[in-house]
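Student: Dropping a structure here in structure tokens format, bear with me for questions.
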């Protein structure tokens with residue numbers, strides 16, 4: 001699929017099998033084949049999340065400049081959904097390492113929002129030779145609330161859906177994701193609920209949540225380790241983020257040696273959706289595609 005062809009779910013859809021304590025099927029989208037620089041996109045962890053929907057306003061634009069791989073993280077989209085696994089970010093980073101090996105990728109920039117940002121950081125810490133520049137949007141594992149209450153409104157809504165997975169609870173969760181509530185259309189809610197409400201997805205969601213309280217939970221506390229990152233890191237936050245509030249960015253900004261922070265006003269947790277045009281330009285420039 002070249003950068004000039006029309007991009008659809010079907011035309012970009014790919015599968016790979018990697019080994020993480022046994023075979024694990026990963027689904028991903030590929031676009032911009034032929035461009036020199038590969039960029040990997042990692043979606044967030046809300047119910048019904050997947051790479052195609054989370055990056056629907058970004059893939060085609062980024063593919064004009066980069067070879068884009070938008071990966072469904074384990075337990076999401078069309079990737080395998082296990083009922084048990086270790087700390088999620090480390091588990092997902094191991095799966096991503098397997099995909100890198102299978103595709104023959106070297107050092108690659110990573111773009112991750114929320115849970116995907118945490119996976120990107122875990123990957124960069126565990127496999128430093130394979131991770132290039134990082135673009136992190138409201139990333140999990142780095143956000144330490146200095147002023148906002150914890151758990152946040154978004155985390156509470158996520159927990160409520162896990163306990164009672166209804167369409168109404170999903171819509172309430174999605175509305176917390178954004179500043180502009182008009183973005184949460186009935187069609188989007190239906191699409192996300194169809195993905196989130198299958199028995200396999202519900203099992204995977206609970207396994208993901210449980211993994212943050214397991215014996216290896218400290219692998220998710222990456223704010224304690226990010227001083228080791230040596231690549232440039234772009235932190236992007238929505239001022240009205242109610243999942244990982246803006247004050248949570250300050251520890252990461254202070255600790256990551258080559259970090260910079262960009263904040264969008266009138267924007268919630270879904271920066272790449274609400275401010276897609278500005279986000280795309282900022283990301284392209286930071287990753288070198290604007291030259």
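Quick reminder: no glycine exception, Cβ is built from N, Cα and C everywhere.
Sequence annotations record features per position, and here Swiss-Prot assigns active site, proton acceptor to 269. Annotated substrate binding site per Swiss-Prot: 45, 46, 54, 113, 115, 192, 270, in sequence order. Positions annotated as site 'Transition state stabilizer' by Swiss-Prot, on the basis of similarity to another entry: 114.
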Student: Starting from the Cβ of residue 269 (active site, proton acceptor), draw a 10 Å sphere and report how many other Cβ atoms land inside it.
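Tutor: A count of 26.
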Student: Can you tell me the CA-to-CA distance separating residue 113 (substrate binding site) and residue 269 (active site, proton acceptor), as a whole number of Å?
Tutor: 8
Student: For a quick check of packing: other C-beta atoms within 10 Å of the C-beta of residue 46 (substrate binding site), how many?
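Tutor: Other Cβ atoms found within 10 Å: 25.
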Student: Please report the DSSP secondary structure of residue 115 (substrate binding site), reduced to three states.
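Tutor: The residue in question, residue 115 (substrate binding site), is helix (DSSP, three-state).
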Student: Quick one, of the recorded positions 54, 113, 114, which Cβ has the fewest other Cβ within 10 Å?
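Tutor: Taking 54, 113, 114 as the recorded positions, the minimal 10 Å Cβ count falls on 54.
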Student: Within 8 Å of the centroid of the Cβ atoms of 45, 46, 54, 113, 115, 192, 270, which other residues of that chain place their own Cβ, given that this set defines the recorded substrate site?
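Tutor: The surrounding set, listed in chain order, is 43, 44, 49, 114, 116, 177, 269.
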Student: Out of the recorded positions listed (46, 54, 269), which are within 10 Å of residue 114 (site 'Transition state stabilizer'), Cα to Cα?
Tutor: 46, 269
Student: Please give the substrate site's span as the largest CA-CA distance among 45, 46, 54, 113, 115, 192, 270, to the nearest whole angstrom.
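Tutor: Taking every pair of listed residues, the largest Cα separation comes to 17 Å.
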Student: Since the record lists 45, 115, 192, 270 as binding-site residues, which of them has the fewest other Cβ atoms within 10 Å of its Cβ?
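Tutor: Output over binding-site residues 45, 115, 192, 270: least Cβ neighbours within 10 Å is 192.
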Student: Roughly how many Å separate the Cα of residue 115 (substrate binding site) from that of residue 269 (active site, proton acceptor), to the nearest whole number?
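Tutor: Per the Cα atoms, residue 115 (substrate binding site) and residue 269 (active site, proton acceptor) stand 11 Å apart.
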Student: For residue 45 (substrate binding site), which of the three DSSP-derived states applies: helix, strand, or coil?
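Tutor: Looking at the DSSP assignment, residue 45 (substrate binding site) belongs to neither helix nor strand, so coil.
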